[in-house]
Amino acid sequence: DFLFSTSYDRTARCWDFDTGACVRVFRGHKHGILPILFIPADQDGGEEDNEDETDMYKKDIIITGSQDSTAKTWSFETGECLKTFRGHTGAILCLTTDPLGKTLFTGSGDNTIRAWDIY
């Protein structure tokens with residue numbers, strides 16, 4: 001089991017719940033990170049292969065929102081930033097997805113909500 005934390009030091013961290021050890025650090029935002037979201041691989045439980053489906057959809061990802069007005073997706077396995085979502089003019093304050101985990105919704109201090117294609 002894992003626990004995730006975010007910080008004003010511009011990092012998000014994954015901790016092993018049993019040992020308390022930090023197992024992964026996600027770096028890349030220019031300001032503090034606020035919300036974080038974990039999306040497990042194949043969240044919809046589907047076994048069907050879809051030729052439009054990307055390899056990323058088959059892997060666990062992390063999504064973070066920051067005071068730098070961006071949201072980012074990260075590979076849980078490698079810690080690599082996969083995609084950056086730009087468009088807000090205020091800090092990202094909240095994150096959620098549609099039930100299948102394919103569309104990201106971000107809420108910002110600029111008083112807007114935006115929808116993004118995660119993959």
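Each residue, glycine too, has its Cβ placed from N, Cα and C.
TrEMBL entries are annotated by machine, without manual review.
These features come from TrEMBL:
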- 1-25: repeat 'WD' (REPEAT)
- 62-84: repeat 'WD' (REPEAT)
- 85-119: repeat 'WD' (REPEAT)
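Sequence-distant contacts of the repeat 'WD' (1-25) (same chain, six or more residues past either end, CB-CB distance under 8 Å): 31-36, 38, 62, 64, 66, 74, 76, 79.
Helix, strand and coil content of the repeat 'WD' (62-84), in residues and according to DSSP, is 0 helix, 14 strand, 9 coil. Here the repeat 'WD' (85-119) has, by DSSP, the following mix of helix, strand and coil residues: 0 helix, 18 strand, 17 coil. Each residue in the repeat 'WD' (1-25) gets a DSSP state, and the totals come to 0 helix, 15 strand, 10 coil.
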